[in-house]
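Engineer: The structure is given below, and queries will be raised subsequently.
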Amino acid sequence: MPVITLPDGSQRHYDHAVSPMDVALDIGPGLAKACIAGRVNGELVDACDLIENDAQLSIITAKDEEGLEIIRHSCAHLLGHAIKQLWPHTKMAIGPVIDNGFYYDVDLDRTLTQEDVEALEKRMHELAEKNYDVIKKKVSWHEARETFANRGESYKVSILDENIAHDDKPGLYFHEEYVDMCRGPHVPNMRFCHHFKLMKTAGAYWRGDSNNKMLQRIYGTAWADKKALNAYLQRLEEAAKRDHRKIGKQLDLYHMQEEAPGMVFWHNDGWTIFRELEVFVRSKLKEYQYQEVKGPFMMDRVLWEKTGHWDNYKDAMFTTSSENREYCIKPMNCPGHVQIFNQGLKSYRDLPLRMAEFGSCHRNEPSGSLHGLMRVRGFTQDDAHIFCTEEQIRDEVNGCIRLVYDMYSTFGFEKIVVKLSTRPEKRIGSDEMWDRAEADLAVALEENNIPFEYQLGEGAFYGPKIEFTLYDCLDRAWQCGTVQLDFSLPSRLSASYVGEDNERKVPVMIHRAILGSMERFIGILTEEFAGFFPTWLAPVQVVIMNITDSQSEYVNELTQKLSNAGIRVKADLRNEKIGFKIREHTLRRVPYMLVCGDKEVESGKIAVRTRRGKDLGSMDVNEVIEKLQQEIRSRSLKQLEE
């Protein structure tokens, strides 16, 4: 009979099989009330599942991350329960957990309106407030198929036919008269599922295949308590205010249009930000001793076949043909960089060779996934590839890590989560090579005092990698930076160098990206700063305004003087009230507004205001220029007097 070992090392002995709920009840009624599920020998199980042998057990509650996921998954079933009551002929497809919530794909003979979604959410609350028990039943494959066939649930039948082995025993979860199929676990009672909200609907093809029927996807969010739900909704509200698409339109940065889906039309101010970002990255490339190169954006398909991209990536590649040759528009820069490396004989003395490019890449992303600057088809990578020997890996990775943190800190990103992905089952190279490569990455992180977690088996077949995920002011995660070792591509493309022993050797290639996509990073920055870009990045840094026509000449003189000092400045000489001008440029998020009246003309000074409404008073013009130059040169995140 089972001996149950708890996380604190204590043991409980039973003379019969017990469930996690039984053990929780044995410990105390408070824990039993909080028990959502159990973790038995590392595996999540339902609170009702029996433990027949000795086991390690953790009780899962709403305070655990897994508990919250289970709540969200059960809310998806609750959605199914409600929609079948409101529209009984609905066919249910899949309802998984996603970040911060869940969704369910449904086949419904009507297009859901906002009023329908509100009615659906209301019914979900009515059902949840009944606090009914969720009943789990393990059945044979044939019984599960018969259950769903009798209910007309063709999508569930399809899942059973195509994805579940006949000797498997699927789990059925009964919500009163509603039944769903799932691996589980799920909440034992609906009292855990009171804090949710339906968010939106969208179209989604069955199994993600555009040849299949378009279903309706209903998104929701769910949390353990009301406070967490409200905090999340508040973050969403703030995120909506910061939406880069909205701000991009307000500030006239860029636009997208149907004739070029996923391609950016940069306007003058947006392109100014893009170019300033390039200048910043270039300064770091110089500091860290990179070459900058430029490869063609289109190359023969034969090259992509050699690299393996054609076999694994062709659906995401744009192609064209000319003179009976097929070309691929590059989705990435690495093959082109190997071609540059291959020009001329290389010696070990030439290594490491650090090659960077602002590479214009294109990927045929599904149209439904396109999202402003965050998900595009045409983008620019701040890409680099380092060719080095195995002995140089650690030092080069060290340099990449320092560069990542150097650049992210410039934008004020302080919370960065780092993950090290290790060897997958299918891989090339010897275990010794992988041992050394993984150790090199780990030691480089440790030497920089960077905490990290392992993602076991998540590396590419050609090498391990480090991923850098930054968190913004709303605590949203953005995976941007990568340092990826590659033991395959140089060999596939015949890259070599002459070693100290005069023998030809294949270099190791390190793929390195920091911002990732320039377009996406500008989207991230737009939302991080809510359009209040730091002065060095702002498209227009200063606007000089007159109060009456008598100051126009002085304004023009000052405008020229600031422009000559390298400051992006505009004059506003319109015949409008000064309050109107200030409001307008404040809404345009211009960092500094300089106001000229008769007093300023007489004194040769200038009145300085910030976009946050702070009046810095009258200042000497040369002093203003000097302070602005210092702020811009240092790429400060703060404005004068902050």
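Including glycine, each Cβ sits where the backbone N, Cα and C put it.
Note that the structure is a prediction, hence the values are computed from the model and not measured.
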Engineer: Taking Swiss-Prot at its word that Cys334, His511 bind Zn(2+), choose the one of His267, His371, His385 listed for that site.
Structural biologist: His385
Engineer: How far is it from His385 (Zn(2+) binding site) to Lys286 (N6-acetyllysine), counting Cα to Cα, in Å?
Structural biologist: 15
Engineer: To the nearest whole angstrom, state the Cα distance for the pair Cys334 (Zn(2+) binding site) and Lys286 (N6-acetyllysine).
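Structural biologist: Counting only the Cα atoms, the answer is 20 Å.
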Engineer: Would you list the DSSP helix, strand and coil counts for the residues of the domain 'TGS' (1-61)?
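Structural biologist: Taking each residue of the domain 'TGS' (1-61) in turn, the totals are 14 helix, 22 strand, 25 coil.
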Engineer: Could you give the Cα-Cα distance between His511 (Zn(2+) binding site) and Lys286 (N6-acetyllysine), in whole Å?
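Structural biologist: Distance between the two Cα atoms comes out at 18 Å.
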Engineer: So what pLDDT does the region 'Catalytic' (243-534) average out to?
Structural biologist: 93
Engineer: Would you identify which of the recorded positions Lys286, His385, His511 has the most other C-beta atoms lying within 10 angstroms of its C-beta?
Structural biologist: His385
Engineer: Within the same chain, and leaving aside Cys334, His385, His511, name every residue whose CB is within 8 angstroms of the centroid of the CB atoms belonging to the recorded Zn(2+) site, in sequence order.
Structural biologist: Met332, Asn333, His337, Asp383, Ala384, Gln484, Asp486, Leu489, Met509, Ile510, Arg512
